[in-house]
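Annotated in TrEMBL:
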type     : residues      : note
SIGNAL   : 1-20          : signal peptide
DOMAIN   : 22-212        : domain 'Albumin'
DISULFID : CYS80-CYS90   : disulfide bond
DISULFID : CYS103-CYS115 : disulfide bond
DISULFID : CYS149-CYS194 : disulfide bond
DOMAIN   : 217-409       : domain 'Albumin'
DISULFID : CYS230-CYS276 : disulfide bond
DISULFID : CYS275-CYS283 : disulfide bond
BINDING  : ASP279        : Ca(2+) 2 binding site
BINDING  : ASP289        : Ca(2+) 1 binding site
DISULFID : CYS308-CYS319 : disulfide bond
DISULFID : CYS346-CYS391 : disulfide bond
DISULFID : CYS390-CYS399 : disulfide bond
DOMAIN   : 410-607       : domain 'Albumin'
DISULFID : CYS422-CYS468 : disulfide bond
DISULFID : CYS467-CYS478 : disulfide bond
DISULFID : CYS491-CYS507 : disulfide bond
DISULFID : CYS544-CYS589 : disulfide bond
Amino acid sequence: MNWRTIIYVVLLVSLTVAKALPRTSRDVEGKTSIGQRFSQLHENNFKAIALLMFAQYVPGGTFGRAAGMAEGVTALARSCAAAARDSPDCLRPLDKIFFDTICQEKNLPSIADCCAKEDPERNDCFLSLKNFSQGFIPALERPDAGAACRNYSQHQQPLTAHFIYEVSRKHPFLSAPTILSAAQRYEEMLRSCCGGVESPSQQLEECFQTQAPKVVKPVREDALRQEHTCGILKKFGERTLKALKLTQISQKFPKADFGTVHKLVMDVADMHKDCCRGDTLDCMRDREDILHYVCSNQRTLSSKIQQCCEKPLLQRSECLIRVENDDKPADLSPHVREFIEDKGICERFAQEKDTHLARFLYEYSRRHPEFSAQMLLRIGKGYEDLLQECCRPGAPGGCLGRGEEELRKHIYETESVMRTSCDIYNEKGDYYFQNELLMSFTKKMPQLTSAELIKFTKEMTAIGSKCCQLGQDKLLPCAEENLDLVLGEICRRHLADPINPGVCRCCSSSYAFRRPCIGKLEVDESYVPLALTPGLFAFHGDLCTTEEEKLQHRKQEMLITLLKYKPQISPEQLSSVTAAFAAMRERCCGETDPEACFLKEGPELIKRSEKMLSA
C-alpha cells in the first residue's frame, strides 16, 4: 500500500470519511457493514483513519504494531467489500472490529483489563486508557533535518504514515482533520526542504527552522484549544460550556434566530462531549454534521462564511472558527430593556429559568461583538443574580432598575483593566512588560517553578503584542479570550499539582470570573520564603553573554529567585537591588577574568542587598 498518497486522497474526499463511519455499536448494529464503509471511503482513506485510531487507542505500542493492525482491518474490509458481505466478521460494527483487533494482539501495553470486558464497558475502558496515557509521551518537537531528509530520500512512501502515527499517539484526543492536515503540511515541508538531497546541512536546518513551525504550531494550538474546552467541561460542567458556546455562536451569527442558535449550541456541546471522551468515531461524525448544517444554511446564518464553505472540508472547520462575526441586523435595537422592564419577567424566570437566561445571553451577545465571551458570561451571571434578588417576595420596588448601573460599572472596570495593561505594554515593550507580569505572578504563585513562570508570562506578553494594537471594538475579545487559554493552562497545572489555596479558589469557583479572581490575588501568605543559602544567588561568567535573549532569561530567573526569597519586597527595594546588580555586572564583565570577579563581588552584593531589604 502506498502510504504517501494517503493524505492527498483524504484531503480530497468531502469527509465521507465522517459520514461513512458509525456513531456507536448500539446505533449501527445490523445496519451498516465494514464492506460498505470501505467502499464509501476507498482503501487509502480507510487505512489512514485506521492507523490514526490504533495509534490513539494504543499510544504505548509501536508504529509497526499499529500499521500491522491497520493493514489487517483494511484487508478484512477489502474482502468484505469484494465478496464476503454476509460473513459474520463483515457484519460486526466498525468500532467493535477495531477493539477486537486490538484485543487479538499479544503483549500490547495496558489493554488486558479492557479486553476482558464486554461492550460498551470495553469501549469506556479504552477511553480511560487515553486519559491515563496523556502526559507520558513526549510532546511533538521539530524533527532533525538531516535525519528526516535521509529518510525522505530512502523511504518516501511510509514517512507520512510515521508522522500520522507519532502525532496521533502524542495527542490521543486530537481530531482526525487536524492530524491529517498537519500530515499534509509535513509532506509539503519535506518536499520543499529535501528537494536538493545534497543541500548543505546548514541550509537544511535553516529550511526546517522556517517551515517546521507551520507544521507543529497548528497542532499545538488545536491541542491546547481542545484541552482547554475539555477542561471547562470537566471542571464546570455542561451548563457552563453551553453558555460559553451560546455567547460565541450568537456573536458570530447575530442574524440567526434563537432556535437556530440553540440547536447549534446543543450540537456543538454534544460534539465536545464525544471529543473530550476520546470517541474518535463519534467526534468525527458530530463535527461533519455541524459543518454540513452550517454550510447548508448560510443564508439564515451569515454572509461571511461562503468562502469557508467552499474550502476542502478539512480546512473548513478551522476557517469557520476564525471567520469574522457577521454584521448585526440593521433593525436590531441597541438595548434589551425588555428583560428588565417587562412585567412578566419574574414569572418567566420562575417557570423556565435556563431558557429565559439563555435568551438574555443570546440577545445581549449578538448586540455586543466588542465584548469577550467571558465578559458576556459575567454579565449573564449578574443578570441571574439580579433576578434572584429582585423576584423574591418582599423585594423593594425599582430593584430591577439598578441592574443597568451595575452593568455599566462592570463594563467600565473590565475595559479599564485591559486598557491599563495595554498602556503598560506599549510603554515598556515585551521584556519589561514580562518582568512586570513575573513580579505579579511570582507573588501570587511562588510555588510554580521559574520555567513555568517564565513560560506563562511569556504567553501573556505575546497576547499584549497581538491584541494591544487592535481597536477598542476588538481589544476585549482578543485579550481576554487569549488570556483565558493561558489561565486554563495554569488551572490544569494546579489540578495536576496544587499550587496554593488562592489559585484553587479562582480555578474552582467560577469559569466566567476566573480572570478577575486571579487578577485580584496578592502575595500568597501561605508560602514559606526560600532560605538564604550559599547557592541561592550564584553569579557566573554567563552573565556577560552578548546574546541578549539568554541574558534576559538569566536575569528573569534571578528576579524570580529574589521574589521567592523576599515576597514582600517593595518597589523601591527592588529598584535598589537591581541597580546594585547592574553595577556589579558591568564592573565584572569589564574585567579580564569575569568569573573571578563574580566570585569576589557576588557575596558582597548579597550582603549589601540584605541590608537594603531589612531596612
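Placed from the backbone N, Cα and C atoms, the Cβ positions cover glycine too.
All TrEMBL annotations are machine predictions without curation.
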- Sequence gap of 6 or more, C-beta under 8 Å: which same-chain residues meet both conditions with respect to CYS589 (disulfide bond)? LEU543, CYS544
- List of residues, in chain order, with Cβ under 8 A from that of CYS275 (disulfide bond) and at least 6 apart: PHE173, SER175, GLN226, CYS230, CYS283, ASP286, ARG287
- Which has the fewest other Cβ atoms within 10 Å: ASP279, ASP289, the binding-site residues listed? ASP289
- Please name the residue among the disulfide-bonded residues CYS80, CYS478 whose C-beta has the most neighbouring C-beta atoms within 10 angstroms. CYS80
- Item | Which of CYS283, CYS319, CYS390, all disulfide-bonded residues, has a Cβ with the fewest other Cβ atoms inside 10 Å | CYS319
- Item | Taken over the domain 'Albumin' (22-212), the model's mean pLDDT | 79
- Item | Sparsest-packed of the listed disulfide-bonded residues (CYS230, CYS308, CYS391) - C-beta count within 10 angstroms | CYS391
- Taking only the Cα atoms, work out how far CYS308 (disulfide bond) lies from CYS491 (disulfide bond), in Å, as a whole number. 34
- Count the Cβ atoms, other than its own, that fall within 10 Å of the Cβ of CYS115 (disulfide bond), considering every protein chain shown. 16
- Between CYS80 (disulfide bond) and CYS276 (disulfide bond), the C-alpha gap once rounded to whole angstrom: 32
- Hey, which of the disulfide-bonded residues CYS194, CYS346, CYS507 is the loneliest by Cβ count within 10 Å? CYS346
- argmin Cα dist to CYS422 (disulfide bond) over the recorded positions CYS103, CYS276, ASP279, CYS391, CYS491 returns CYS491
- Message: Using a Cβ cut-off under 8 Å and a sequence separation of 6 or more, which residues in the same chain sit near CYS491 (disulfide bond)?
- Response: GLY231, LYS235, VAL503, CYS506, CYS507, ARG514
- CYS399 (disulfide bond) to CYS391 (disulfide bond): how many Å between their Cα atoms? 9
